[in-house]
Amino acid sequence: MQRLYSSFESRRNDSNSFFFTLYVSAQCVGAGKILSASFTLSKVQGMGIALGFIIFYTMAGGFLAEAWTDFFQALIMLSGLSLLSVVGIVKIGGIPSLIRGMANANPGTLTWGGGSTGLAMFLGVIIGGLAIGLGYAGQPHIVTRYMALRKGSKMSVAAWVAMVWVFFALLGAIMVGIVGLSVLGALDDPETATTSLAMAILPPWLVGVIIAAATAAMMSTVDSQLLIAATSVAGDFYGKIVNKKASQERLLFIGRLSTVAIGIVAFLLGIKAERAVYWLVLYAWGGLAASFGPPLILSLRWKRTTKWGVLAGMIVGAVTIVIWYNIPVLKNAIYELVPGFFFSLIAVILVSIFGPQPSLKTVEEFSAVAGIG
């Protein structure tokens, strides 16, 4: 898989860094909201403090430091979400009181479609919600975790760990939102629900734990994205196009410089961001998923995939996401990841079939590495 992914990686385009920058920007906005709701800081000040700290330890420690910090941040995050959910349900008087509070705040939350019905529910809630799961294969900062395994035999264990973690983490996040709605009612900014709920029902020392958990959620994502985006610029652009003879020291310098540059651009975009963090994250998630998901999946599972098919899939996926997102009638119909992923998949297949075919050596290497005839 490592060799196949390296081959795929060398043919990707700049949509990686573009969507990663948007993703980092969304997380910066989230950090700013968390810190401004918790301390006497503005959103911009909170963004600057959080991003500055993340850039520092990402540059200083690289992948190993980022992996270990992600591990401990995950523990803090899961503990904080579980604590806030359980305490909130107990404080409000149990599940029946929780449901009554939700009904009073927004009766639509007790319906399957969240207030949506008919085609809007099917396309927007069901298909759009399920489509988010397609995005994991197209997130380089997630895929690299599997690539970092010491032994390929541990892949199934890693998959189980990831699934269990995602289930409980997302369940905790959803429960915090439900409890927050029931306890606090409709907020002007729902994305401050975690810190607002903690301050409303927990003693001050536990509020600090929740703030740490919320901040950890943002940090664990940003450091991964900064590292991958900077590596893409240094290794795939500078090292393979601008200066093919660059030394490791030079590439390291370019990588660190890219980390700072991407962080600054993300910070500036975050200052101007008017949409909720949730929608910004979905846009960036969809862009990465449509650009890299189908090409990567087919590169690993279909031996006829060609470099031109991969390139076509990445371009078609990225362009579809951008166009769909910026046309209101299309965006309101269905999440842009759905058409983006589909068109990217079709592009890879068609160009691989009708375009130049891979060499015999490439096919043999694929069969040897992937174990597919």
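Including glycine, each Cβ sits where the backbone N, Cα and C put it.
What TrEMBL records for 20-41, 47-68, 75-99, 119-137, 157-185, 205-230, 251-271, 277-298, 310-327, 333-354 is transmembrane segment.
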For the transmembrane segment (20-41), I need the partner stretch with the highest count of C-beta pairs below 8 angstroms, choosing only from 157-185, 205-230, 333-354.
205-230
Of the listed stretches (75-99, 119-137, 205-230, 251-271, 277-298), which one yields the highest count of Cβ-Cβ distances below 8 Å with the transmembrane segment (310-327)?
277-298
Taking contact to mean 3 or more CB pairs closer than 8 A (sequence separation of 6 or more), are the transmembrane segment (119-137) and the transmembrane segment (251-271) in contact?
no
Should the transmembrane segment (251-271) and the transmembrane segment (75-99) be scored as in contact, given a threshold of at least 3 Cβ pairs under 8 Å and pairs 6 or more apart?
no
Who are the long-range neighbours of the transmembrane segment (75-99) in its own chain, taking Cβ under 8 Å and residues 6 or more past its ends?
110, 165, 168-169, 172-173, 175-176, 178-180, 182-183, 194, 197-198, 201-202, 206, 209-210, 212-214, 216-217, 220
Outside the transmembrane segment (333-354), at least 6 residues beyond either end, the same-chain residues with a Cβ under 8 Å of its Cβ set are 123-124, 127-128, 131-132, 134-135, 282-283, 285-287, 289-291, 293-295, 298, 302, 304-306, 308-318, 320-321, 324-325
